[in-house]
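Trainee: What Swiss-Prot shows for this protein is this:
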{"type": "SIGNAL", "residues": "1-23", "note": "signal peptide"}
{"type": "CARBOHYD", "residues": "ASN87", "note": "N-linked glycosylation site"}
{"type": "DISULFID", "residues": "CYS158-CYS199", "note": "disulfide bond"}
{"type": "ACT_SITE", "residues": "CYS161", "note": "active site"}
{"type": "DISULFID", "residues": "CYS192-CYS232", "note": "disulfide bond"}
{"type": "DISULFID", "residues": "CYS291-CYS342", "note": "disulfide bond"}
{"type": "ACT_SITE", "residues": "HIS297", "note": "active site"}
{"type": "ACT_SITE", "residues": "ASN317", "note": "active site"}
Amino acid sequence: MGSAKSAMLILLVAMVIASCATAIDMSVVSYDDNNRLHSVFDAEASLIFESWMVKHGKVYGSVAEKERRLTIFEDNLRFINNRNAENLSYRLGLTGFADLSLHEYKEVCHGADPRPPRNHVFMTSSDRYKTSADDVLPKSVDWRNEGAVTEVKDQGHCRSCWAFSTVGAVEGLNKIVTGELVTLSEQDLINCNKENNGCGGGKLETAYEFIMKNGGLGTDNDYPYKAVNGVCDGRLKENNKNVMIDGYENLPANDESALMKAVAHQPVTAVIDSSSREFQLYESGVFDGSCGTNLNHGVVVVGYGTENGRDYWLVKNSRGITWGEAGYMKMARNIANPRGLCGIAMRASYPLKNSFSTDKSSIA
C-alpha cells in the first residue's frame, strides 16, 4: 500500500512538472471549461517563477523580497492568462517586468519629458513630410531590412529612453546617408548633455540640439553604456570619428499620414504613453490595447506594415530582446484617434543630415 501511495505521489509531481514544461514559453497556463485556473496554478506559478528568474538573471536580496516578487509575478501571470483568453490581436507574456507592479514599472521605464524645450535653438517646424494627393508610399517599410537599424539595446534601470530614441534615429539616418551603420553612444548624451537629466529623464529635442552643438555623437565602443549618470569625459571622443547631424524637425502633430511618409524615408523618434499593464507585458502581435496620451516614453519608429489585415507601426524599444517581439512592438496604425495609439503621432521628430561629416574635437 505504501509503495502504491509513493507511486501515486510521484505521478502527481510528474504531472505538475510536465504541465509546467508546456508553460515555460512564458505566455499561457491552461484553463478549465469555465476559464478558471486549475488548482495546480500555485505550484505551476512557483516553478515558472524560478525558471523566469534564471532566464532574466534575477536575484533578490532576501527571502521576504523574493516572496513579495512572487506574489506580484503570480498576479501578472493571472492577468496575462485572462487577457490572452480573450482572443486579441496581440499576446501578453512574462517579460522582464513581470515581477514589477504597474507603479514600479512606471517608475523604472518612463524617462521622456513631453514638455517643449524652453529654447528651441535649432528646431524648425516643417511640412517636409506633409502628405498630398500625389504621394505614392510603399505599403510596408522595415528599415531593419535595409541595414539601417542597430541591435536592440537595453536601457536597464536608467530612465534614458530619451537618449536611446534619439540615438536610434541618428544611427538610421547616418546609415541611409553614408552607407555605414555605426552603433552610437547613449552614454555620451547621458553624461554630457547637461540640459537633460541623464537617468532622470530628458527631452528628445534637447538631445538633438546637443549633438549639433557639441561635435556629434561618439560611438558605443569609444563611450560604452553604463546605465548610470557619469562625468562627461571629452577625451573618449578625441581623435575618434563622431557622427554628426545638420538639424532636426518636428512632424506636424496628430497626423499619422505625415508620420507614415516620414518613416518611408527614415527612422523617426516618437514619444508615447507606455504606462499600461498591457504595454508592460506585451509579447507579440499587433497591439491595440489600453493606453492613453500621457506621453512619457521615447521610442524609434523603424517601419510600418499590415499583419492579418491590421495596420501597424514597427516600433523599436530600448528594453532588451526579452520584451515584445525580440525588442520590437507592432503598434496599431490608422486608428480613429488622430493622435494615434498611445499618442504616437503627437510628438514625432527626425534628424537631418545632408552629407557624410565627422568631427574629431572633444567636448568640455
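Along the chain as shown, residues are numbered 1 onward.
Just so you know, glycine gets a Cβ as well, placed from its N, Cα and C.
Set these features in their place in the structure for me.
Mentor: In this chain, no residue six or more apart from ASN87 (N-linked glycosylation site) has a CB-CB distance below 8 Å. In the three-state DSSP classification, ASN87 (N-linked glycosylation site) falls within coil.
Around the Cβ of CYS158 (disulfide bond), the number of neighbouring Cβ atoms within 10 Å comes to 24. Under the three-state DSSP scheme, CYS158 (disulfide bond) falls in the coil class.
Just so you know, the Cβ of CYS161 (active site) picks up 27 other Cβ atoms within 10 Å once every protein chain is counted.
In the three-state DSSP scheme, CYS232 (disulfide bond) falls into the coil class.
Counted within 10 Å of its Cβ, the other Cβ atoms near CYS291 (disulfide bond) come to 20, all protein chains included.
For the recorded site, ASN317 (active site), the DSSP three-state label reads coil.
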Trainee: Among the recorded positions CYS199, CYS291, ASN317, report those whose Cα falls within 10 Å of that of CYS232 (disulfide bond); none is a fine answer.
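Mentor: Among CYS199, CYS291, ASN317, not one has a Cα sitting within 10 Å of that of CYS232 (disulfide bond).
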Trainee: Among CYS158, CYS161, CYS199, ASN317, these being the recorded positions, pick the one whose CA is nearest to that of CYS192 (disulfide bond).
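Mentor: Of the recorded positions CYS158, CYS161, CYS199, ASN317, CYS199 has its Cα closest to that of CYS192 (disulfide bond).
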Trainee: Among CYS161, CYS291, HIS297, these being the recorded positions, pick the one whose CA is nearest to that of CYS199 (disulfide bond).
Mentor: CYS161
Trainee: By a simple count of other Cβ atoms within 10 Å, which of CYS232, CYS342, the disulfide-bonded residues in the record, is least packed?
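Mentor: Counting other Cβ atoms within 10 Å of each of the disulfide-bonded residues CYS232, CYS342, the minimum falls on CYS232.
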Trainee: I'd like to know which of the recorded positions CYS158, CYS161, CYS291, CYS342 sit within 10 A of ASN317 (active site) at the Cα level.
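Mentor: Among CYS158, CYS161, CYS291, CYS342, the ones whose Cα sits within 10 Å of that of ASN317 (active site) are CYS161.
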Trainee: Filter the recorded positions CYS158, CYS161, CYS291 down to those whose C-alpha lies within 10 angstroms of the C-alpha of HIS297 (active site); answer none if the list is empty.
Mentor: CYS161
